[in-house]
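Trainee: Handing you this structure, nothing more for now.
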C-alpha cells in the first residue's frame with residue numbers, strides 16, 4: 001500500500017501510518033465514551049498537523065493516502081486525497097460516526113463506483129483560488145484547513161472527562177486532573193520560599209508575588225496595588241459599593257463570597273473555629289483570634305487618657321467614650337443614649353418585653369446576659385465580692401458597696417422633708433412613709 005509522504009530538506013520521511021490508530025468494529029464497541037472522545041481528539045490533532053503542513057509545501061502534490069482498518073468499515077477515513085496550493089481537500093470515504101459527523105472534510109458518498117448527488121454538511125468549495133470550507137451549520141472562509149479544524153473543535157467540544165467522585169465533567173484531561181486534586185487534597189506545587197503548597201501552578205505563580213513584592217494590578221480609583229487580579233476585583237467593590245453575595249435567609253449582602261459563607265453560620269449555628277486553650281467555638285475566624293488574646297494576656301491597645309489597656313481596638317474605642325462622654329447609640333423609643341451598641345440592644349428588651357436569656361436551673365428569663373450571670377450565683381452559691389474589713393462576701397458588687405457603708409458610716413440618701421440621712425436607699429423609702437401619712 002503506497003503511502004503519501006512529507007519531505008523537507010532537513011527532516012526525514014513522515015507518513016500517516018506513523019501516527020494512525022486502527023480499530024475494528026469489535027474493538028470500537030469496547031471503548032467507553034471518554035475513550036472514544038480521546039480517540040477523536042487525537043485523530044483530529046494528527047489530521048490537523050498533516051493538513052497544515054501544506055503551507056510549507058506549496059508546490060508539492062501529496063498524492064493519494066490510504067487509511068487502513070483491520071476489519072470491515074472502521075470509524076475513520078478509508079481513502080483521502082490531499083492537494084496543495086489552495087485546492088480543496090476531499091475524502092472518498094469517512095466513517096459516519098467520526099469525521100463526517102464533524103463536517104470536517106467534503107465527503108463523497110461512494111467509494112464503490114456510486115456517484116454522490118449531494119454534498120455533506122461539511123465540505124470544501126473553491127472560489128477564485130481561495131478555498132472556502134463549509135463548517136457544519138456555519139459557512140465561513142478559512143485561510144487554511146488547520147483553522148477549520150480548530151473551528152470544528154470549538155463547535156463540537158464535548159465534556160468527555162468525567163470526575164468519578166462528583167460527576168463533574170471537563171473538556172480537557174488536564175482540567176480533570178486539576179479538579180481531582182480537590183478530592184485527594186494533593187498540592188504538588190510548592191513555594192521554595194515559604195514551603196506553602198498549591199493545587200495549581202497558576203496559584204503558585206500568583207503566590208510568589210508575595211515574596212517578590214510584585215503588584216502588577218493597580219486600582220484606577222485610588223492607585224492601590226495588588227498581586228492578584230482577583231484581589232483587585234474584590235477591592236473595587238469598596239468604591240462601587242457592590243455586594244453581589246446575598247444571604248438567602250435574611251437578605252444581607254456581602255462584597256466577598258468568604259464573608260457570606262462565614263455569615264451563614266449565624267443561621268445554621270455552625271461554629272467551626274475552636275479555641276485550643278478553652279475549647280470555645282466561634283462563627284468567625286477573626287472572633288477566635290480576638291478571643292485568644294484573653295489567654296495570651298496581650299493588651300496592645302492602651303488608652304492615652306488613663307493608661308488602661310485592652311486586647312481589642314474596638315474595646316479601646318468604646319472605653320474612650322468614658323472620657324469624652326459620647327453616647328452615640330440612642331433608643332428610638334425613649335431617647336435614652338448609650339456608649340455601646342450592645343447596651344442599646346439589651347435596653348430595647350425593656351420596650352419589647354423580650355427576655356432572651358434563660359436560666360438553665362429554674363427557667364427564669366432575663367433581658368440582659370449580665371442579669372442572668374448575677375442570678376445564677378443564687379444557684380451556685382458563688383459570692384465573689386468579699387469585704388476587706390470583716391470578710392463578709394456577697395453575690396453582687398452592689399451588695400458589697402452597700403455593706404461598706406456600715407464600716408465607713410456613709411449615709412448618702414437624705415430625706416428632703418426632714419434632712420435625715422440613711423446608708424441604704426431602701427431605708428430612705430421606708431422613712432418617707434412617715435411623712436406621707
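Just so you know, glycine gets a Cβ as well, placed from its N, Cα and C.
Annotations for this protein, taken from Swiss-Prot, read as follows:
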DOMAIN    14-88  domain 'KRAB'
ZN_FING   89-111  zinc finger
COMPBIAS  110-120  compositional bias 'Polar residues'
REGION    110-129  region 'Disordered'
ZN_FING   133-155  zinc finger
ZN_FING   161-183  zinc finger
ZN_FING   189-211  zinc finger
ZN_FING   217-239  zinc finger
ZN_FING   245-267  zinc finger
ZN_FING   273-295  zinc finger
ZN_FING   301-323  zinc finger
ZN_FING   329-351  zinc finger
ZN_FING   357-379  zinc finger
ZN_FING   385-407  zinc finger
ZN_FING   413-435  zinc finger
Trainee: If I take every residue in the zinc finger (413-435) and average their pLDDT values, what number comes out?
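Mentor: PLDDT averaged over the stretch: 89.
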Trainee: Find the member of 161-183, 273-295, 329-351, 385-407 that has more C-beta pairs under 8 Å to the zinc finger (189-211) than any other listed stretch.
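Mentor: Going through each listed stretch, the top one turns out to be 161-183.
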Trainee: Please spell out the DSSP helix, strand and coil residue counts for the zinc finger (329-351).
Mentor: 11 helix, 4 strand, 8 coil
Trainee: What same-chain residues lie close to the zinc finger (217-239): Cβ under 8 Å, and 6 or more beyond its ends?
Mentor: 206, 209-210, 255-256
Trainee: Taking residues 6+ outside the zinc finger (245-267), which of them lie with a CB under 8 Å of any CB in it?
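Mentor: The answer is 234, 237-238, 283-285.
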Trainee: Can you work out which residues elsewhere in the same chain, 6+ from the ends of the zinc finger (385-407), have a Cβ less than 8 Å from its Cβ atoms?
Mentor: 374, 377-378, 423-424
